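The S-adenosyl-L-methionine binding site annotation in Swiss-Prot covers Gly100, Phe105, Asp123, Ser124, Thr125, Ala151, Glu152, Arg170, and the record cites sequence analysis as its basis.
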Amino acid sequence: MSLNLDKDNRDLSSNQGHLGEFRRGLENWPPGLVWQPDGEQIEAMVKLYQGVLVGNARLNLTRITAPLDFLEKHLWDSLAGVLLSDHSRNCPQARVIDIGTGGGFPGLPVALVWPQWSVALLDSTHKKINYLEELGHRLGLANLAYLVARAEAVGNQPQHRSQYDLALIRAVGEGVVCAEYALPLVKVGGTVVLYRGQWSAAEAEQLERACALLGGKVSATVAAVTPWSGAQRHFIYLTKEKPTPSDFPRAIGVPRSHPLGVEN
């Protein structure tokens with residue numbers, strides 16, 4: 001699949017109003033995240049939005065395409081998970097992996113805002129990763145890597161296991177499933193960010209039990225309200241305290257079918 005935004009602009013002629021509304025939203029970025037996009041970042045994010053709209057006409061990248069929804073549920077949410085952590089302030093260099101990136105979130109916005117970080121986009125769907133690679137090149141993002149694989153497989157590969165400073169995982173599965181996918185990939189002392197909507201005490205207890213088996217702990221839970229719709233979001237931060245036992249991650253499909261920490 002070839003990405004040519006000049007050609008594909010014809011397909012977007014009916015969406016010029018959306019692009020304008022999206023740009024205005026960026027130019028009036030809400031306070032609260034101790035970050036504001038500069039002019040170069042605004043232009044890059046408009047191109048990102050445009051590229052996702054083009055890709056969405058061919059692939060099921062995302063159901064979220066309305067300008068303010070995209071700003072809030074993709075850009076704001078993607079960046080909030082990192083900006084509300086210590087990594088945005090204390091890690092001038094970082095190796096990051098976005099597990100189950102789908103349409104490129106949170107990895108693409110993170111790569112745009114932190115060009116000094118190396119960001120790997122991981123997804124099991126070839127067509128999505130192929131398109132994201134073309135979009136990344138169009139955006140000039142030299143700090144991206146692209147992986148087509150299942151998280152369980154990558155977590156057992158020496159070139160990826162315990163190699164990342166930060167793992168981001170959003171809309172992939174239950175919290176305990178996400179922990180089993182992500183903790184094997186980060187270094188001891190590294191951080192996993194789980195992006196969640198509602199978050200219950202029962203889920204928190206299950207996650208604590210799972211993390212204990214995986215060599216990690218829940219270090220923080222941050223609740224936030226989205227700036228446009230007022231929806232509730234939770235960002236769960238896991239810290240890896242010791243190496244994950246070689247038993248984890250388990251075989252492909254097992255973390256989801258038999259989640260850790262869940263009492264039957």
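In case you wondered, yes, glycine gets a Cβ from its N, Cα and C as well.
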Rounded to a whole angstrom, what is the largest C-alpha distance between any two of the residues Gly100, Phe105, Asp123, Ser124, Thr125, Ala151, Glu152, Arg170 that the record assigns to S-adenosyl-L-methionine?
-> 20
Report the member of Asp123, Glu152 (the binding-site residues) whose C-beta atom has the most other C-beta atoms within 10 angstroms.
-> Asp123
Just how many other Cβ atoms lie inside 10 Å of the Cβ on Ser124 (S-adenosyl-L-methionine binding site)?
-> 15
Using DSSP, would you call Ala151 (S-adenosyl-L-methionine binding site) helix, strand or coil?
-> helix
Could you list the residues of the same chain, at least six apart in sequence, whose Cβ is under 8 A from the Cβ of Phe105 (S-adenosyl-L-methionine binding site)?
-> Thr62, His74, Asp77, Ser78, Asp98, Arg170
Only counting partners 6 or more residues apart, tell me which same-chain residues put their Cβ under 8 Å from the Cβ of Thr125 (S-adenosyl-L-methionine binding site).
-> Val148
